[in-house]
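Student: Mind looking over this structure? Questions follow.
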């Protein structure tokens, strides 16, 4: 049974998005009021506000995403204090990068770390990096898009940042994840016919998925031979705008190493799961390698199929979907105000586990995301048109 833990009146206008840091108990929000807020995901501390990021954008902040730790979530660099950084995408067509300076307390902590085990050191670092004493500073403003930026997303290693826009393009920016001093555009992808609503990276490889007003989802990879990025898959099946997608995480208990799976949410009221068999993709790559270069399209082409349509429950457009890395459950929400959780049975069928009606009262819900508190408890976080950020016990 879904239970409301905390409702934060975060913004004076629509809250578009709420995302957590991959390893730290930090939550960032995006709003029409042109600001982003950062909160400490600590129930014991009552989810305190750590920072208000403002005056960087002239229009709505539509999307936020924290940079993963150096080396990735599963294999972070041990001898490096990875300071948190946040990307914000705005309707003013720009992207802002925010971060903190190294805390002064770090030097005194390092002196006493020799007697502590790794877990204690990590806990100390987490407390330090999520302290209310840290000042969040604007590090960079990235320009390039012609129209509103709808979504921003870091890859799993934190060296690539993707952005998508109403201008129908996806830009991929490369940076040094240690310094974040410069962002170089290494690719502009123009495969969609209309507004690109959302982008997301695979949790453990450089595979990018985009969702669009043209009713499709497109997948992109970098060519190993010439480093060019190209479309390697097109998912057709939705009968309306695709608002959002989310990859299954390899840490999920339902994960199958032979498959890559993606869940999507659409204006057609459906939530769908797509899968790509790794062996089939490898066979295509092997065949393509034997073809003359004049007729090769790409050696990264992927075979995708629609694996399932989740039980119908939404009455209006489904705006957001999120796949839990901890339990393998999926959550969706949207225009009808419902917060829905689905689970996969042992027979590989999907069923509805719970539904919470009017999760933001009479208001639409724009995003849902699985997040982890400082005590390792998994929660759901929703952002609504009422400006509220709601935190739920699933």
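Every residue number used here counts from 1 along the chain in the order it is shown.
Every residue, even glycine, has its Cβ placed from backbone N, Cα and C.
Under the heading repeat 'WD 1', Swiss-Prot lists 10-49. As annotated by Swiss-Prot, repeat 'WD 2' applies to 56-108. Residues or ranges marked as repeat 'WD 3' in Swiss-Prot: 144-184. Marked as repeat 'WD 4' by Swiss-Prot: 191-230. Among the features that Swiss-Prot reports, repeat 'WD 5' is placed at 237-284. Here Swiss-Prot flags 313-352 as repeat 'WD 6'. The annotation repeat 'WD 7' is assigned in Swiss-Prot to 359-394.
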Student: Apart from its near flanks, which chain residues at least 6 from the ends of the repeat 'WD 6' (313-352) lie with a Cβ under 8 angstroms of it?
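Tutor: Cβ under 8 Å, 6 or more out: 2, 203, 240-241, 243-249, 251-255, 263-267, 269-271, 273, 358-370, 372, 378, 380, 382, 392, 394.
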Student: Report, as numbers and ranges, which residues of the same chain sit near the repeat 'WD 7' (359-394): CB under 8 Å and 6 or more residues beyond its ends.
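Tutor: That would be 2-20, 25, 27, 29-31, 33, 39-44, 47, 126, 130, 244, 319-327, 329, 331-339, 341.
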Student: Using Cβ atoms and a strict cutoff of less than 8 Å, what residues sit near the repeat 'WD 1' (10-49) while being 6 or more residues removed from its termini?
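Tutor: Distant contacts of the repeat 'WD 1' (10-49): 57-66, 68-69, 73, 76, 84, 86, 88-90, 98, 126, 129-130, 132, 136, 366-367, 369, 371-375, 377, 379, 381-389, 391.
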Student: Per DSSP, how many helix, strand and coil residues does the repeat 'WD 6' (313-352) have?
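Tutor: The repeat 'WD 6' (313-352) comes out at 0 helix, 20 strand, 20 coil.
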Student: Checking distant contacts: for the repeat 'WD 3' (144-184), what same-chain residues at least six beyond its ends satisfy Cβ-Cβ under 8 A?
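Tutor: Same-chain contacts beyond the ends: 59, 62-73, 80, 85, 87-95, 97, 99, 190, 192-206, 208, 210, 220, 229.
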Student: Across the repeat 'WD 2' (56-108), what is the average pLDDT of the model, as a whole number?
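Tutor: Summarising the repeat 'WD 2' (56-108) by its mean pLDDT gives 90.
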